[in-house]
Amino acid sequence: MGTATPYYLMLGFTLAAYFIASKFVFDKVHHTTRTVIDELFHIPQGLSYCRRNFMHWDPKITTLPGLYLVSAAFLGTYFPCTTYNLRFINLLASCVNLLLFASILKFVYTSKQSKIVIQALNLTLLPPLYFFSHVYYTDTLSLTFLLAFSRLCLTNRHGFLMLVFGVFSVLMRQTNIVWIAMVFGHKFLDLFIRSSRVFGNQYVTNIRLSKKSLIANDVDTSKLKRYYDIMDVFYAIKYHVSTCFKSFFRYLNTQDILTLSIHSVLLLFFVAFVYYNGSIVLGDKKAHEASIHVPQLLYFLIFYAIFGMPYVILKLKSTLILIFSNKFKVILLVLLMLAIVHYNTIIHPYLLADNRHFTFYIWNRWYGKYEYAKYVTIPLYIFLTFNLYDNLKDQNCISFLLPYTVAIFLAVALQRMIEVRYFLIPFIILRLRFSRPSSLMILIEFCWYLLLNVLAFQVFFTREVIWKDFDEVQRIIW
């Protein structure tokens with residue numbers, strides 16, 4: 001038996017167990033309600049597409065038709081067009097996500113194989129993501145294509161498939177273009193910095209060589225590092241500008257050029273779409289107008305605290321030490337966050353009116369109830385900022401941090417509405433970069449997610465919300 005066989009057996013068993021358990025939950029969700037909030041728009045649209053009525057479009061829908069196109073590819077010809085089957089596509093997509101998580105973790109980390117499989121399961125069970133795997137929303141399948149795209153980018157192979165998955169990532173959710181841009185930025189910066197670490201780069205080596213020197217353009221392996229910082233970016237810019245980028249282009253191989261070109265094509269086509277459409281969204285543009293809303297980044301920290309709880313607790317002591325040893329930075333952060341929450345807190349009308357989301361109750365029982373709430377929560381934000389840094393510091397590289405910071409700002413801080421779903425992808429990206437957790441931590445994370453899922457579904461199944469505009473009883477979701 002090969003060394004890989006036990007891994008695939010464990011992965012197969014885990015996948016089967018996940019599907020069987022999730023199918024039970026899926027059927028209960030389906031029998032509980034036939035329409036979950038935005039499914040009011042998604043399901044009729046999906047049924048129209050799988051019946052080959054591609055001219056019908058609900059103006060209330062703001063996303064591109066990726067979800068409905070995938071539905072039409074499988075339903076109508078091979079399987080009946082029903083609400084059950086439309087939702088079932090997302091359950092199957094969640095199974096694919098488990099495999100993709102495992103594949104990415106296996107490629108990036110050479111840790112114990114059982115740890116890889118359980119971490120992949122944990123990520124698939126991330127409570128908000130897991131819930132939306134049982135209903136007809138865009139989130140699960142959107143993540144599937146984004147993960148597949150990212151997995152191919154790790155190896156720089158299969159350019160055509162990379163392009164297809166990139167296109168469908170955007171067709172699922174327009175904001176996925178931000179994460180495609182992040183991957184592009186990560187790849188470009190990594191190449192940009194590495195190609196500057198040559199003997200002729202006086203900013204790095206402190207040695208002045210003639211441009212005609214035989215070794216001036218050769219990489220100095222002693223100057224290569226696993227993780228680079230912001231100063232390495234400045235040194236790279238200085239060197240490449242002084243040499244007209246000769247070293248950069250010299251070290252680009254065919255696969256690098258192909259990968260960067262594919263990313264560039266996707267980005268350019270999206271810019272053209274926004275220019276033609278006049279907005280990033282379709283349909284109801286007024287309800288989804290872009291607006292600078294920096295407190296969203298602070299709410300993301302709350303999301304991290306809840307769904308990264310085991311890792312928050314793990315770094316509790318070291319985070320406190322980090323905070324007390326950086327008092328000046330803490331003071332600056334306090335002042336910055338005070339200004340942000342005072343001048344930039346935006347309350348979307350839907351947040352106050354839609355009592356079918358957990359965010360409604362959190363806001364109205366804390367932030368909206370007490371005028372001082374947004375200020376007294378700042379110490380928690382400070383702690384979580386340092387705690388997140390503490391969890392990432394052993395995996396920090398400017399080629400990731402810089403594009404990620406820009407990407408999360410664009411994806412989250414330009415949204416007026418507080419939606420838990422907006423935080424899923426940025427959290428998953430960070431979770432994939434956490435230092436290799438121990439088996440105990442992974443097990444605790446699994447139990448924590450299991451508990452949160454049980455509680456969330458318990459609320460969904462037992463708490464009813466009556467809306468006069470709906471004949472069917474409404475339910476509370478993430």
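Cβ atoms are placed via backbone N, Cα and C, with glycine included.
Here's what TrEMBL has on this protein:
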type	residues	note
TRANSMEM	6-26	transmembrane segment
TRANSMEM	61-79	transmembrane segment
TRANSMEM	91-109	transmembrane segment
TRANSMEM	116-137	transmembrane segment
TRANSMEM	160-184	transmembrane segment
TRANSMEM	257-276	transmembrane segment
TRANSMEM	296-316	transmembrane segment
TRANSMEM	328-352	transmembrane segment
TRANSMEM	372-389	transmembrane segment
TRANSMEM	401-418	transmembrane segment
TRANSMEM	438-461	transmembrane segment
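Counting Cβ pairs under 8 Å that are 6 or more residues apart, the transmembrane segment (160-184) and the transmembrane segment (116-137) reach fewer than 3 and are not in contact. The stretch from 61-79, 91-109, 438-461 with the most CB pairs below 8 A to the transmembrane segment (6-26) is 91-109. Most Cβ pairs under 8 Å with the transmembrane segment (91-109) belong to 116-137, among the candidate stretches 116-137, 328-352, 372-389, 401-418. When Cβ distances are compared across the two stretches, the transmembrane segment (328-352) makes contact with the transmembrane segment (401-418), since 3 or more pairs at least 6 residues apart fall below 8 angstroms. The transmembrane segment (372-389) makes no contact with the transmembrane segment (401-418), as judged by fewer than three Cβ pairs under 8 Å among residues 6 or more apart in sequence. Same-chain residues lying 6 or more positions outside the transmembrane segment (438-461) and placing a CB less than 8 Å from one of its CB atoms are 25, 28-29, 32, 112, 114-115, 118-119, 121-122, 125-127, 130-131, 306-307, 309-311, 314, 475-478.
Residues 126-128, 337, 340-341, 377, 380-381, 384-385, 387-388, 390-391, 408-409, 412-413, 415, 418, 420, 422-423, 426-427, 430-431, 434, 437, 441, 444-445, 448-449, 452 of the same chain sit 6 or more residues outside the transmembrane segment (296-316) yet have a Cβ under 8 Å from a Cβ within it.
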